[in-house]
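According to TrEMBL, the features are:
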type     : residues  : note
DOMAIN   : A:80-286  : domain 'ABC transmembrane type-1'
TRANSMEM : A:12-39   : transmembrane segment
TRANSMEM : A:86-107  : transmembrane segment
TRANSMEM : A:114-135 : transmembrane segment
TRANSMEM : A:167-188 : transmembrane segment
TRANSMEM : A:209-231 : transmembrane segment
TRANSMEM : A:267-287 : transmembrane segment
Amino acid sequence: MEEETKQARTGWLLSAPALAILLLAASGPLLVVLVYSFLVKGQYGGVIWTFSTEAWFEVLFTRDIFSDEVTLADAHLAIFWRSVKLSLMTTAIAFAVGFPTAWFIATRPPNRRALWLFLITIPFWTNLLIRTFAINEVIRNEGILNTLMIRAGLIERPIQILYTDTAVLIGMAYVYLPLMVLPLFAAIDRFDMRLLEAAYDLYASRWQVLRRIILPLVKPGIVAGSILVFVPSLGAYVTPRVLGGGKNMMIGNFIELQFGQGRNWPLGAALSMLLLAIVMVALLIYVRAAGRGTGHG
Amino acid sequence: MSDPDAVEARHVVKAFGQGEVAVRALDDVSVGIRRGEFFTLLGPSGCGKTTLLRLIAGFEAPSSGAILLDGRDITALPPNRRPINTVFQSYALFPHLTVAENVGFGLRMQGKPRTEIETVTARMLALVRLEALAKRKVAQLSGGQQQRVALARALAPQPRVLLLGEPLSALDLKLRKEMQIELKRLQHETGITFVFVTHDQEEALTMSDRIGVMSAGRILQIGPPREIYTRPANRFVASFIGETNFLPARHAGGRVTLDAGGELTVEGGPEGRVTVAVRPEQVRLVAPDEPGALPATIRDLVYFGTDTHCHLALADGTEVVARLQSSASGDPGLEPGQPAGLRFAPGAVQLLGD
């Protein structure tokens, strides 16, 4: 018994640094944000230390300035919906591009794979802002894409891609692609290619092999990649700001607005907490799905 | 004769690589496998037996030549359109499916109705005695059980031909013996043509109706086990299957003169420079002074339980092994250094052209 208590104490002692970091760096700031969301906004930003649920009310409702009439905050909901929609589409695009890419890399000879993986991750070592402006340069009206298409005679006038949802989607899919490719590669690398022959041998068509054998077996990689792309997409700030312009806001930009020009810190804090909640729900759904797929759940 | 072979390979060539570095894994292979027979492709690793199996399954296309199924050319058909199933060396069971789902996979892909899939799956599981494990995931099974699932999965769609690519090589000796008997029983009960690949000559001899012995991309001899063993077509077959004594000699008109001294009488066989092949169990030890016996000296005795291997040297030092059945006491009554006479059992001597 005494030995066990001693071991337990040593265990706690050893995990103390990790726990300290978790408390100070993760839980602490979250707590601050949570507390701020229940305070009253200061006139020039900041907060007044009075308890209030006004910020949470403002997330969903608007009070008319003159008549005090309460209506649903359509604009807020639209931004949330747009963010979720764009993030889901980003995840889908990243998967559609990332899966063949990861498959290609995983089926190269082992000595070549490292090179391909390195090439995939190169953009990742480059500053996000620079990469986003690079995309901007490609798709703007006088940019490379439009110039080439006009020269080739495909179009007469430049297509407006910049400052649309399409631009945001292209940018986010590009930025987060490595996060999809790497876990997919890991899963496909573990996949026993001999199962393909077994399935073909048992009368499966190419489509059936993909649906019945490959996808179920690389599902952990699909789930991991999707989480890694969806979560940062949902909170994306730089990409929608640079490529989506001022009017195509996502949650990240909207939150920034509250802490900046909006001077409504409690609302920004409440929105942040809501974003966190959505991410948690998404994670929960993913984890459940992953558990079903591999039979460990 | 009008009945076509179940599977036929016609002048099949399979080359890997191109130009100077091209390797012929199969070099003009022709073989007909009869309906309902247990045919074994036997040969050392790298002889092309697995390549031939993969060509029949459709995983590889021949560089030239044709594969026929029941007389019909199927060379251009992909594996999923050939009524041929394979039991893989690695089993290649689907880890995300249960035992029953694995067994029913082929029928499901063929779009068979659910009731039929369930009935056939149950029958197949009964055939391989795995009814109790139907709901398990395959990872929870032992090697022998996985092997039986692989068999049931390949048999369930009732293929015209079942291909078995060294499926027993991963099992331990005892389990392997059990599975050999199980395979024979399954083949008997289903009546399906089995094409079995192995490098184990004993496995080939005990299980097959006919054996095709392969080496370096060619089929050297096709025949029933007895014929392959007693009448090997050449030196490779004779040495790969069982043990053989090879004695250089000269043959003219039925009389064979051994280089080591001594004469033998044979019927037929090539003339001129030949190699005399005789199995160790066909070598008899007699008194050294017996007329017609080859003089030899005992070098060594190795006890194997059921028999004793007696290593002897002929007059010029050529080594000959005689396999003697052990006596009740296990003592052969012989000593190294002792002189002895050798005789070969009638009809046991075979001449191989050089």
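The first residue you see is number 1, and the count goes up from there.
Using N, Cα and C of the backbone, Cβ positions are placed for all residues, glycine too.
By the count of Cβ pairs under 8 Å, the stretch nearest in packing to the transmembrane segment (A:12-39) among A:167-188, A:209-231, A:267-287 is A:267-287.
A:167-188 is the stretch from A:86-107, A:114-135, A:167-188, A:267-287 with the greatest number of Cβ pairs below 8 Å to the transmembrane segment (A:209-231). Pairs of Cβ atoms less than 8 Å apart link the transmembrane segment (A:86-107) most often to A:167-188, out of A:114-135, A:167-188, A:267-287. Taking pairs at least six residues apart, the transmembrane segment (A:167-188) and the transmembrane segment (A:114-135) share three or more Cβ pairs below 8 Å and count as touching.
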